[in-house]
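Q: The structure under discussion is supplied below as C-alpha cells; questions concerning it will follow.
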Amino acid sequence: MNINMASIGTSKLGVTPEVMGFSHQELSLVMFKKFKLARKQLLQQNLTFTNRRKTGIAQAIAPEATKATGATSSSVPLANYVPVYVMLPLDVISLDNVFRNQDKYEKQFKELRAAGVDGIMVDVWWGIVEANGPRQYDWSAYRSLFQHVQKTGLKIQAIMSFHQCGGNIGDDVYIPIPKWVLTIGENNPDIFYTNQAGTRNKECLSLAVDNQPLFESRTAVQMYSDYMRSFRENMSDFLEAGSIVDIEIGLGPAGELRYPAYTQSQGWEFPGIGEFQCYDKYMRTDFKEAVTKAGYPQWDLPDDAGTYNDIPVKTGFFGPNGTYLTEKGKFFLTWYSSKLLLHGDQILDEANKAFLGCKVKLSAKVAGIHWWYKDASHAAELTSGYYNLDNRDGYRPIARMMSRHHGTLNFTCLEMRNSEQPAYAKSGPQELVQQVLSVGWKENIDVAGENALSRYDSYAYNQILLNARPNGINNNGPPKLKMAGLTYLRLSEKLLQRRNFNTFKTFVKKMHADLDYCPEYEKPAPLGRSKMEISMDELLTATQRTKPFPWDEQTDARIGGILAEYWDTLLNKFFLSN
C-alpha cells in the first residue's frame, strides 16, 4: 500500500508526526529506497554524539549501547513507580448502548496486562446511559465492559462524560448528549454555550444553567449529581472490589474544565485564537449584574475579540495595548474565568458527595492550550477561560479549588516539544506543562496527565518520561517531583503493531522505573468529604505568578538512546522531503 505523503506533515495541533511506526509494506517504492540509502549512509559514518545530561559528560554512543537505561528493580524504591493507563476507543460502547467485539477487546486487554499496563480509562457517556429519558439509566453495557476488564486484572479509570463526542481534535465518533436534553434546547437554545455571532455549541450545557431548573424541574448540576449517584449504586461491586480506582469528572467540552472556544465543527483551525463563549442570555444577564454591582453598568461583553481563526495582533482585544490590558478587559476576564472556577467547584463538590467513602480518587482535566502561549496576550488560553498571562497565573487557582475536593489535576499535551511546533503559532507546550504541573504540586495535590495526540516514537515517550519525573529517579526514596499517573491516548490496532507495541512496552517499564508491575500500587484510601469552601478572593490570590520547579534537560529513563533519536530524525527528514 502506498502512503499518501501529503498526509505526513504538520497536524492540526502543529505536531509533526513520527513515521517510525509504518511497516515496509506501507512504504512507497521511492520511500523504501530512501530508507535503505539513509541506513547505509548512517552505518558508514563514524558518528559521535554528545549526551547533554546535566552531568555534561560527552559519550560516543555505539549502536549496541542504544538500549534504554535506568535503575534496576533491586535498587529503586517503589515510590518512583508511575502507573500507566490506556484510554479505550471512544466507541467501545456503541451509541445504541452495546458492548460489541467483546472477544477482540478481551484479547487486547490481555495484551495490555502482559505489557505491564496498570489499567484502562473509559468514557462513560451521559448520552448513552441516560438516553431514554430523565433518570432512565441503563448501565448494562458498561457493567459487561467492566467485567471483562476486571477479569484481566486491569484497573479502571471511569470518566463521567457529560459532553458530546465529536467536533474536537481526535474525535472520529459521534455521541451526542441525551436527545431529551437536546429537545429542551430546541425551545431554549440559551442552555448552550453561545459565541458573539449567536452560534450555539451543543457539545455540552452552558455553565450558566448549572443552577437553572430547566430540565424536567432539575438543574444541570442536579442532573450530573443524579447520574454520578446512580453510577455508584450500579457499580458498587466494582468499587468495593477496588477495580475502579479513579473517577474523572467531565466539566466541559472534551471533558475538560474550559469553555468550547475552539471547535472544529464551527470552523476553527489551528492555531486560531478561538472565541469567547458567553453570549447566551443567562451569561449576559450575569455579566450585566456583575458590572452594575461593580459600578460600571455601561460595560458590555467584548465586541473586539475577533473570530475563531484570527491571530492576536489582528484584534482590538488581544493586540498590542489591547482591551485585555484595560480595566474593562481585566474585569471581564476575571469574571469569565471565575465562572469557570465556580462551575468546577460546584460539580466536584457533588462528585465528592456521590462517591464519599469509596476507595477512589477524584480527578478533573485541564486542557493543554499551548498555541499563543508565548504571545503576550495568551489569547487562546483566555478565550478558553484560563486567565493566564506572563505576570498572572491562570492555573494555580484551579489547582487550589481542586485541593479542597482531594482532586487530582489531569493535564494534557505531555508528549509535545517546542521544536515540533510551527514558529507562527508561538507555542510553548514545554513551558506550559512545567507551569501547570508545578502549581499542582505547590498546592499539594496529585497531578496526572495524558498525551494530546497518539504518538509511537521515542521522542514523545521520552518527553512524557521527563514530565513524569522532572528530576529523575531517586534511588534512596520518593522522587522530588513525580506524577501520580499517566493515561496513554489511545488503544488502537496501530498501537498493537509489533514495532509500536514493543516500544510502548519499554515505555511502560520506564514509567515503572524498571520495577516489576505492582498490582497493589493503586489502592486509594476512602474518599473524605471536601474541605471548607474557599472564597473567590482567596482563590484569586493564587494568581500571583511564581517560578515553576526546575526540570532536567532530559529524562534519566530514556528510551532508545541518542543514536536511535538521530535515526528517527534522519528518517523523518527523508520522508518529509518527498
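Every residue gets a Cβ built from N, Cα and C, even glycine.
According to TrEMBL, the protein carries these features:
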type     : residues                                                               : note
ACT_SITE : GLU256                                                                 : active site, proton donor
ACT_SITE : GLU450                                                                 : active site, proton acceptor
BINDING  : ASP123, HIS163, ASP171, LYS365, HIS370, THR412, ASN451, ALA452, ARG490 : substrate binding site
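A description of the local structural setting of each listed feature is requested, covering burial, neighbours and distances.
A: In sequence order, LYS365, VAL366, ALA367, THR412 are the residues of the chain that are 6 or more apart from GLU256 (active site, proton donor) and have a CB within less than 8 Å of its CB.
Under a cutoff of 8 A between CB atoms, and with a sequence separation of 6+ in the same chain, the neighbours of GLU450 (active site, proton acceptor) are MET87, LYS365, ASN410, PHE411, THR412, LEU414, LEU486, THR487, TYR488, LEU489.
Taking Cβ-Cβ distances under 8 Å and a sequence gap of 6 or more within the same chain, the neighbours of ASP123 (substrate binding site) are LEU88, LEU90, ILE159, SER161, CYS165, GLY255.
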Q: Please determine which of the binding-site residues listed here (HIS370, ARG490) has the lowest count of neighbouring CB atoms within 10 Å.
A: ARG490
Q: Would you mind listing, in sequence order, the residues at least six apart from ASN451 (substrate binding site) in the same chain with a Cβ closer than 8 Å to its Cβ?
A: THR412, CYS413, LEU414, GLU415, ALA460, ILE464, TYR488, LEU489
